[in-house]
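Now, the feature entries from TrEMBL:
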| type | residues | note |
| --- | --- | --- |
| REGION | 1-33 | region 'Disordered' |
| TRANSMEM | 39-69 | transmembrane segment |
| DOMAIN | 43-490 | domain 'Major facilitator superfamily (MFS) profile' |
| TRANSMEM | 81-98 | transmembrane segment |
| TRANSMEM | 110-128 | transmembrane segment |
| TRANSMEM | 134-154 | transmembrane segment |
| TRANSMEM | 166-184 | transmembrane segment |
| TRANSMEM | 196-219 | transmembrane segment |
| TRANSMEM | 336-357 | transmembrane segment |
| TRANSMEM | 369-387 | transmembrane segment |
| TRANSMEM | 394-423 | transmembrane segment |
| TRANSMEM | 461-482 | transmembrane segment |
| REGION | 519-546 | region 'Disordered' |
């Protein structure tokens, strides 16, 4: 018996040696991190291009208003309203986008956003008076509202977990790209006659919206929306294309089916989805009777949108020529060139942020970004106060004010800018995602509208330096809010988010619980393998005893 056991052991060792024969040392290395999914990246780029519309409008209006003011003789109150009203008008689009995207799909909602902005840009370009211009702003604002809500939602739903932060930051990248294009357009058309220059600046915005509308048709529908419609077969095909592996696609599909209330054993291409998942009762669950987890998610998702705008970014970007005038730069060409520098720095910084989101995590990047914003705002406020109180031109203060402005937009774009859209689009549960993101965008646009429509009046009330001291104080409050209320979401699937929330200031306890679950799952797999080995050994010992 012992001889037979010895022969069996030798046979197994020989088989193992043959299995490993011809393998190199590299074959035993741990699996490499998968490369970025090119198809998912292409989808994210196409969807995020709609954000160019908002960026272009912000950038172009900052310079166009210099010429509009002279051509149609506006008061400073009318100028404030014209600059900021687009944010209020966009609420119509944001409020309708959640239900529209659940009805016709994420893809066609993006096409609709581009079409509406196309009409608005043409109306603004052909405006003959203030009222006509305001009507064009209304139509364009509705299109912007649709685009702001749907682009991050689609991108988050189509992205694999390994690159979701990278891909979901694309809308902010294109907003910054649009701002830069708007600044360049201002400078390019500033040499035309006064009554034509600003019309070309605004009307040319119709071109990118038309190109976006056609290009969107090349991308697939969101897999999560397809599952909500019961189209499992179509959802599987999209997931296999947008996931890093077949296994990840199957896991993502299982998670989405669970969230939608579809049995895991159901493999039909078309299924009936429970009615409760088609939008009924969503607002009630979100606002009237939220669970602790949903309430925590809502406070965090809406709070990050509020602080993004309340800390003054749109005032700096939209009124940068006015800020530079108050800093002592009086030449129109120099002011427009300085605004181009702002756009260039802002766009360059956001490109850096896209590569850091999935490496450093959301919290470290956000907290560092807001801390830098606070320092820059205080520096800008001090410089503008000194310049305002001085009777002579202080070149050092002018240069420092310009550098503080560039520093502020750089810190914003590295963290606060992209993370707002990434974070708010990934934390809401599937059943609440469209409406939750719409609520966040609504707060974002209301705050931006109030900020931009009161900036000039605020300057007259507490001085321009005082205004930026106020923004610095709000940014400090934002840092405290983010530090205490926001869990880290890096590497978590969209369906795991609800487990992270619900304990508010004690969210770290939830994070530890999830980490313990991960460890148990890993240890369970390892222990299962070890138990197999032990059982095999016990069988051998039993034979020896026999």
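Positions of Cβ are set from backbone N, Cα and C atoms, glycine also.
The stretches the transmembrane segment (134-154) and the transmembrane segment (461-482) do not meet in space: the count of Cβ pairs below 8 angstroms, excluding pairs fewer than 6 apart in sequence, stays at fewer than three. The transmembrane segment (369-387) and the transmembrane segment (461-482) are in contact, since at least 3 Cβ pairs between them lie under 8 Å (pairs 6 or more apart in sequence). The stretches the transmembrane segment (394-423) and the transmembrane segment (166-184) meet in space: the count of Cβ pairs below 8 angstroms, excluding pairs fewer than 6 apart in sequence, reaches at least three.
Outside the transmembrane segment (166-184) by six or more residues, the chain places 36, 40-41, 44-45, 47-63, 148, 151-152, 155-156, 158-159, 201, 208, 317, 336, 339-340, 342-344, 346-347, 350-351, 353-355, 357-358, 413, 417-422, 425-426 with a CB less than 8 A from a CB of the stretch.
Sequence-remote contacts of a segment are chain residues at least 6 beyond its ends whose Cβ falls under 8 Å from one of its Cβ atoms, and for the transmembrane segment (336-357) they are 59, 62-63, 165-166, 169-170, 172-173, 176-177, 179-180, 182-184, 186-187, 190, 316-317, 320-321, 324, 329, 365, 402, 405-406, 409-415, 417-419, 422, 490.
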